[in-house]
Amino acid sequence: MDNMNSLSATKVSTKEVLAFSMGYMALTLGGLGNSYLSFFWTDIALIPLSAVGMIFLISRIFDGVTDIIIGFMIDKTKSKHGKARPWLLWMLVPSVVSMVALFYMPNISTTGKIIYAFIVYNAVAFFFATATAIPLQTLCSRLSSDGAERLKLNMVAQIFGSAVSVLGNYFVIIGITKFGDGAGGYFKFFGLLSIISGILILIAFAGTKEKVEASKKSDEKKLTLGEGFKLLFSNKYWIWVTLLQVSSWLFPAFMAINIYYMIWIYKDPSLMGPFMSLIFFAMFVSIMILTPLSQKIGKDKTAFLGMFLQVIGGLIPLVNLTSLPILMASAVFRGAGPAAMLGTRLAFTADVVEYGEWKNGTRTEGLIYSGTSMGQKIGMGLGGLIVTIMLGIGGYVGGAATQTPAALNSIVFTFTWLSALASALAVVCLFFLGKLQKQMPEIMRDLDARKQ
């Protein structure tokens, strides 16, 4: 592909915005099961709680390593489709097959179930959450070199993703029951979502075209994996944006406690669908509001606002643990807060890509996006592990008719205080990333000059 100047790589067509958004809808559909997987394993498949926690922890560590490897491979990829786009096509079939298998549990021994769950979970993590998601995220920085266009691209994609979350979460419990209550319902419902997700990924591949290339100076450099690692850790803002991913993804991971809360504290599991849908509806509306707001006050201030709302959402239920209006208010804040982070995180990372090229003379989009994706996986893994640890500390017994007061208290603590504390960690990272925003005009001018 020919190098292109910043003017020709500035605008993203409506077709590409929509196609890119289809990719994010696919990621959302594929991720709907995350909030139900822990419960499926502990209460449907009857896998011991300690084993579930270890599956999450070990898998996320492995996932983090593969993130970096895939990122390095993206940077080395040369094809007629570009660097990131071809991966969407290459990983399509294994992604769908592994996702369909995730909520299937064969009638075997407990040890066999643990091994099966570990293998399939890691297959989904590699093919879908890594080798598909990272190229899609990397595509954001290759469709345009203009920061405003990238922010718009990210925001629109999140709007579509949130819309899918609203509808999807509302129909999860209904769909599982419709397809046959129990293990069969989980398998059929999430299997259908997996196939739809695959179709959307194919649309994202077909409807986009990479336009942004590295500067001539950057393009001449050939990196080894070791050199790539050195560049990552010499980029101070990559460290902060990765830590931001870790902290901000603890909150979504803690959503695994929601189904336990609805069953044992509110005592009505049917509320899970409306509660989750309201979270994502609030997210959907908030992203539309925050899109113009972020362009006026900046990404960092918008994200700060989101973290504040997220803290409120975590603590509101302490007023009355079983009040429906209070729980619904909590859902609104729990959706509005993360919307700010979801709507800005790829734009933050794209800025880190530009800073890295400006500072080191080498453009490593794949590595940088894979590094931040690693942060996301670590956050999700830690969050899932923390949920199982808290349940274990309280003495929760999967499939039991009753739970002890200690188990109920652990559910409440995780649902409220831990969800709020996760947001506080993100604020520190946002403080440092705010400094990068002040440098971006100078950085982009220098990079444009190098591309001439």
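From the backbone N, Cα and C atoms, a Cβ is placed for every residue, glycine too.
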Feature transmembrane segment in TrEMBL, mapped to one of the ranges 356-377, 378-399: 378-399
When counting Cβ pairs under 8 Å to the transmembrane segment (237-265), the leader among 87-108, 114-134, 155-177, 189-208, 411-434: 411-434
Top Cβ-contact partner of the transmembrane segment (114-134) among 47-75, 155-177, 271-290 (pairs under 8 Å): 47-75
Stretch among 21-41, 47-75, 189-208, 378-399, 411-434 sharing the most Cβ pairs under 8 Å with the transmembrane segment (87-108): 189-208
For the transmembrane segment (271-290), distant same-chain residues with Cβ under 8 A (at least six beyond the ends): 35, 155, 158-159, 162-163, 165-174, 255, 258-259, 262, 302, 306, 324, 327-328, 331-336, 338-340, 342-343
Two-stretch contact, the transmembrane segment (155-177) and the transmembrane segment (21-41), at least three Cβ pairs under 8 Å: yes
